[in-house]
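Everything below concerns the one structure shown next.
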Amino acid sequence: TTSAAVPAFTYNATSFLLHGKPYTIIGGQMDPQRIPHQYWRDRLSKARAMGLNTIFSYIFWNNLEPAQGLWLSEDPQNDVAKYFRIAQEEGLNVVLRPGPYICGEHDWGGFPAWLSEIPGMVVRTNNTQFMEQTKRYIANLAEKSGLADLQASRGGPILMVQVENEYGSFGENHNYTASVRDILLESFDVPLYTNDGGDSWPLEGGYVPGVLAAVDGGSWALPARDLYIKDPTSLGPLLNGEYYTWSPDQWGSYNPHNTTVGNDAAVSGILGDIPYHLHNYSASISFYMFHGGTNFGFENGALWQNRTTVFTNSYDYGSPLDETGRTTDLYFKMRDAIIPFLDGEAIPEPPENLPRTSIPEFSLCPATSLFEARGKKTTASSPLTMEALGQAYGFTLYEHTAVSKIKGSIHAGDRPRDRILVYVNEKIAGVMDSQYQHPLNVSVSLKPGDKLQLLVENLGRVNYYSRGNPYKNYLQDPWKGIKGDVSVDGNVLNGWDMYSMQLDKLPSEECKRSLERDHRSTDSPLIYRGSFAGPPMQQNSSMTLDTFITVPNGVKGNVWVNDFHLGRYWLVGPQQSLYLPGTILKPGEVNEVVILELEPWQMNTTSMVAYSESERFWGNNPDPDCLVCV
């Protein structure tokens, strides 16, 4: 007689089994689309050197499919199959977390903006439209991106696939999660699992029959799984799928940088929880984050807590491998705590940290006003949302020409979505921002022929909603720009010209002498240009060109280097410099810098400069637009 082949990866009541032998997952979260692809191997090898045997990774649907039907798996930054193959070469297995919703402090939890324009679409429900798109997304991931072939059952590194993401915090529709399970089973044959907070209602809301239930949170979360999950088909070995190494940063004058540096109690807690999981509970663990990386460009998410709180571009997370991929003190302390649980298995020695570079101060000169780079015009009686204009990110300019005399307080749709610079004839009248607990009232006075201009900035869509909180569910209300009518003193204004400014391509104007005389005299946002000579590469590694760029006189804006959008700067902090990966720099050549300064009238100098340093700094400053804001 012949026995059936042992599954490559499975589990019994108490243990995961890899090729029939007990396997404890010592994992860490690291998302390929947040890391320059040239650095993937460096980061993965350092994960193995810390003692990890498994990498947990989210997939960002919005990056892979930025426009409906446009699947960009061949873009090097989206070649997640390559990332997983490198993981396998470095001695790591993989746990795939494809969503379709992933949270992750990423714009709209990874959903592409175009989903919101499908009639009848409601995300994270059994809604027909959402299930159709989810089915197509998962099939594309499996086949077009080639992940089906990378399952452990086919000799690849993928051990498990997560169903949805912390769904129990959001809802309790088991028909929906069962549908996501079934869609995944059409493409994947390795075990599935769910991941929910360690309390009764998230676990009871999020478990899926026939799917292993895992928890997330601190060590307190471990006993909750068996306490609250009564379905035996969801029981098995314990896994803490997100043990938090610290937390992400949010913009704001009163939001300091989150770090364990100098916090001995926090570090002791992490180091004590490692044996608590691996020994006391014989549980598996994944550290969230092992390496956070960066939400470059406009990719950050946000929360709604009776006001918008926006995540910084830096996703450093206080993790053991910092935003630039350098090992930290926490890395080595965690490594020492993990080694006793490796049963004598040898792991590589971590490499020495490579030095970063610095770039001396260089001047930037004003090239054009953002209003002059407005592009294609759309006209309608009432304002259209950013998404209705076919735009996912960036800015939208709404322009109305007054036909009668009117003055009073302005209301832009149902609420600011998100930050609105209000102008009359290109002169600033005020700022409304959903980040402020009580968005400021802005009053205008218009006469016939005056132009009312509303420049709306999308600060990042809400990426998380919990039914355990008293806030509105804006995860299912993702629209940006203006939604609803604009009124002044209660009078609705009809007739709008709208200009999308996604800023994928920047205007190519050279510096203008007329703007250079005193760029603070203009209120309209200005685009500046400058350049610097790239420093030489050291030790044959782009990582020696890594640096942190700073715009010391800037108030609020965005930075591009060699056409790559690094992200936002904002003097309120806590992020005061932007990670500039060496992969973007041209050593020994001219490097082009473009800066969009949104508030030149707030600058305290007439000169605009930038420089970069090898060490980053954090700090907070008052918000000049809202001195009373908290």
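From the backbone N, Cα and C atoms, a Cβ is placed for every residue, glycine too.
Per TrEMBL, the features are as follows:
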type	residues	note
DOMAIN	15-338	domain 'Glycoside hydrolase 35 catalytic'
ACT_SITE	GLU166	active site, proton donor
ACT_SITE	GLU242	active site, nucleophile
DOMAIN	383-501	domain 'Beta-galactosidase 1-like first all-beta'
DOMAIN	525-589	domain 'Beta-galactosidase galactose-binding'
(message) Based on DSSP, tally up the residues of the domain 'Beta-galactosidase 1-like first all-beta' (383-501) by helix, strand and coil.
(response) 3 helix, 54 strand, 62 coil
(request) Can you grab the distance from the residue listed as 'active site, proton donor' over to the residue listed as 'active site, nucleophile'? Cα atoms, rounded to a whole Å. (result) 10
(message) DSSP secondary structure for the residue listed as 'active site, proton donor', reduced to helix/strand/coil, please.
(response) coil
(request) Report the same-chain neighbours of the residue listed as 'active site, nucleophile': residues 6+ apart in sequence with Cβ closer than 8 Å to its Cβ, ordered by sequence. (result) GLN29, ASN195, ASP216, GLY217, SER286, TYR288
(request) Let me know how many other Cβ atoms fall within 10 Å of the Cβ of GLU166 (active site, proton donor). (result) 23
(message) Give the mean pLDDT for the domain 'Beta-galactosidase galactose-binding' (525-589) on the 0 to 100 scale.
(response) 98
